[in-house]
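> This is the structure I have questions about; it appears just below.
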């Protein structure tokens with residue numbers, strides 16, 4: 001019998017001092033996975049699919065409007081931080097400016113952060129914001145998995161061509177990546193394995 005998935009919403013926070021310390025029942029601090037991507041890339045849908053919950057992660061009616069981090073736990077084993085989406089054109093400039101310092105503060109100071117899931121829409125070539133973020137992650141030597149979302153929107157030829165274009169644009173042909181589609185129910189098992197493997201590798205390095 002398949003073991004039931006237990007996902008829980010923990011907290012919404014804006015300031016570093018308000019970020020929760022998420023622990024296992026035995027008191028150990030859980031390794032944390034940050035989920036990052038442009039607005040409309042499908043972060044909420046992917047997390048709900050990953051958690052096997054329809055509405056645990058709320059989808060904003062106005063993408064990019066709320067500049068806050070949402071924290072979750074999965075099976076009391078892994079913590080997840082859903083970072084606000086970036087790049088939404090209709091967001092006021094003042095709100096857009098908040099994204100950089102907030103996310104940078106989280107990524108630089110969060111000791112429990114062990115892995116970043118970087119989501120990109122398979123139909124979109126990475127722009128300057130995407131490349132800058134990836135360069136920052138690599139500079140700080142953070143573990144990262146590239147998740148190419150919305151693959152149900154392209155055919156097999158487009159999938160191959162777009163993957164090559166994306167990896168070429170990022171100048172990282174050997175970057176760990178996988179395909180994800182919520183409507184096709186594709187990618188969850190593979191992503192969970194990659195997450196666990198990455199967290200195990202982090203444990204060995206510490």
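Just so it is clear, glycine is given a Cβ too, placed from its N, Cα and C backbone atoms.
Given the structure is predicted, the values throughout are model-derived calculations rather than measurements.
In case it helps, Swiss-Prot gives these features for our protein:
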type: DOMAIN; residues: 29-201; note: domain 'EngB-type G'
type: BINDING; residues: 37-44, 64-68, 82-85, 149-152, 180-182; note: GTP binding site
type: BINDING; residues: 44, 66; note: Mg(2+) binding site
> Where does the mean pLDDT land for the domain 'EngB-type G' (29-201)?
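Looking only at the domain 'EngB-type G' (29-201), pLDDT averages out to 88.
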> How many Å lie between the Cα of residue 68 (GTP binding site) and the Cα of residue 44 (Mg(2+) binding site)?
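Taking the Cα atoms only, residue 68 (GTP binding site) lies 14 Å from residue 44 (Mg(2+) binding site).
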> What same-chain residues, at least 6 away in sequence, bring their CB to under 8 Å of the CB of residue 37 (GTP binding site)?
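Spatial neighbours, sequence-distant, of residue 37 (GTP binding site): 43, 85, 86, 118, 119, 120, 149.
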> Tell me whether residue 68 (GTP binding site) sits in a helix, a strand or coil according to DSSP.
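Looking at the DSSP assignment, residue 68 (GTP binding site) belongs to neither helix nor strand, so coil.
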> Where does residue 37 (GTP binding site) sit in DSSP terms: helix, strand, or coil?
strand
> Taking 10 A as the limit, how many CB atoms besides its own sit near the CB of residue 43 (GTP binding site)?
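Excluding its own Cβ, the number within 10 Å is 25.
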> Report, as a single number, how many Cβ atoms besides its own are within 10 Å of the Cβ of residue 150 (GTP binding site).
22
> Which of the three DSSP states, helix, strand or coil, fits residue 84 (GTP binding site)?
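In three-state terms, residue 84 (GTP binding site) counts as coil.
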